[in-house]
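Trainee: The structure under discussion is supplied below as structure tokens; questions concerning it will follow.
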């Protein structure tokens with residue numbers, strides 16, 4: 001008769017099951033971390049599970065830095081801190097640490113230490129496994145959680161297509177900015193010039209977009225209330241200092257745009273923004289072109305003087321043709337004073 005087979009497991013990942021183990025997850029982790037092995041542990045995950053008869057079990061995944069050869073069946077035994085009791089586990093080498101991690105995650109009562117190490121078996125299983133991985137990512141609720149899931153369950157796609165995956169998740173999980181709340185109601189602006197009021201009622205029409213609306217350029221000194229008035233007319237895009245038409249900032253459902261303190265010499269898409277055409281594209285610096293629904297007017301706010309005034313910009317000799325076009329597609333107003341009376345307005349917004 002052949003001698004009994006000697007116990008030996010040589011693996012990088014270990015799956016341990018402790019039946020009828022009364023230790024807490026924290027107590028078990030503390031003891032496991034004190035095991036002396038020639039290769040260091042990189043990740044430990046513990047799940048406490050109650051069986052139907054009420055007996056507690058512990059499931060443990062240990063990932064080592066390199067392969068560890070275990071020849072002692074009692075090496076992973078745990079000891080009760082309150083009574084003379086040892087807890088001996090069933091010991092297995094984990095061929096797929098991702099599968100073991102998913103298994104012990106199922107009950108939710110888990111504790112972890114270290115950083116999970118991705119294994120090459122994570123994405124095995126063909127198209128259905130890939131679909132499951134991407135479904136889990138979409139259901140995760142955030143870009144960061146989705147990336148963690150794909151890094152573990154679809155490592156090949158994660159490494160090969162990270163740029164595209166990251167860009168797509170930005171679009172999927174980008175939350176629209178909260179609606180702007182103007183501290184001053186529109187009725188508090190009691191010195192609005194008639195021409196400005198007429199422009200508002202003729203061109204800002206909500207979702208029912210006018211056919212080729214006219215934009216408006218409002219030039220005036222600082223603290224005249226032009227920014228606050230412009231932002232009190234309805235849902236809008238507010239772009240200050242520079243033009244950012246990325247989905248994180250620009251909302252295609254806005255009623256109008258407000259462009260504040262942007263040097264006209266560096267205003268990209270001058271005609272498209274002034275003229276209000278529908279459906280045009282803009283190239284973003286680090287992403288794919290974005291589709292702009294258009295068909296809405298724009299309020300341009302500026303101060304007098306070079307590098308700010310649109311009038312002075314259009315009066316430059318080289319811009320004579322652009323000026324002729326702009327005068328047909330926009331109204332130009334110079335403010336003579338504040339758009340409100342009294343001191344109840346308080347400080348006005350400054351870009």
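Note that Cβ sites are derived from N, Cα and C of the backbone, with glycine treated the same way.
Quick caveat, the model's predicted, so the values are computed rather than measured.
Got these off Swiss-Prot a minute ago, pasting:
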type: DOMAIN; residues: 8-116; note: domain 'CRESS-DNA virus Rep endonuclease'
type: MOTIF; residues: 15-18; note: motif 'RCR-1'
type: BINDING; residues: 49, 57, 59, 107; note: divalent metal cation binding site
type: MOTIF; residues: 103-106; note: motif 'RCR-3'
type: REGION; residues: 143-153; note: region 'Binding to RBR1'
type: REGION; residues: 156-176; note: region 'Oligomerization'
type: BINDING; residues: 220, 221, 222, 223, 224, 225, 226, 227; note: ATP binding site
Trainee: Could you pull out which residues elsewhere in the chain have a CB under 8 Å from any CB of the region 'Binding to RBR1' (143-153), counting only those six or more residues past its ends?
Mentor: 98, 101, 116, 118, 122-123, 129, 132-134, 136-137, 165-166, 169-170, 172-173
Trainee: Over all shown protein chains, what is the count of other CB atoms within 10 A of the CB belonging to residue 49 (divalent metal cation binding site)?
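Mentor: The answer is 17 other Cβ atoms.
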Trainee: Please report the Cα separation of residue 225 (ATP binding site) and residue 107 (divalent metal cation binding site) in Å, rounded to an integer.
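Mentor: Counting only the Cα atoms, the answer is 58 Å.
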Trainee: In Å, rounded, how far does the Cα of residue 223 (ATP binding site) sit from the Cα of residue 107 (divalent metal cation binding site)?
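Mentor: Computed Cα spacing between residue 223 (ATP binding site) and residue 107 (divalent metal cation binding site) is 60 Å.
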Trainee: Which three-state DSSP class does residue 57 (divalent metal cation binding site) fall into?
Mentor: strand
Trainee: With the cut-off set at 10 Å between Cβ atoms, which of these binding-site residues ends up with the most neighbours? Options: 57, 59, 223, 226.
Mentor: 226
Trainee: Of 49, 57, 59, 107, which is closest to residue 226 (ATP binding site) if I measure between C-alpha atoms? They're all binding-site residues.
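Mentor: For residue 226 (ATP binding site), the spatially nearest of the binding-site residues is 107.
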Trainee: Just counting, how many other CB atoms are there within 10 A of the CB of residue 227 (ATP binding site)?
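Mentor: Cβ-Cβ neighbours of residue 227 (ATP binding site) within 10 Å number 22.
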Trainee: Sort residue 227 (ATP binding site) into helix, strand or coil using the DSSP assignment.
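Mentor: Residue 227 (ATP binding site) sits in a helix per DSSP.
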Trainee: Would you count the other C-beta atoms found within 10 angstroms of the C-beta of residue 224 (ATP binding site) for me?
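Mentor: Result for residue 224 (ATP binding site): 21 neighbouring Cβ atoms inside 10 Å.
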Trainee: With H, G and I counted as helix, E and B as strand and the rest as coil, say where DSSP puts residue 49 (divalent metal cation binding site).
Mentor: strand
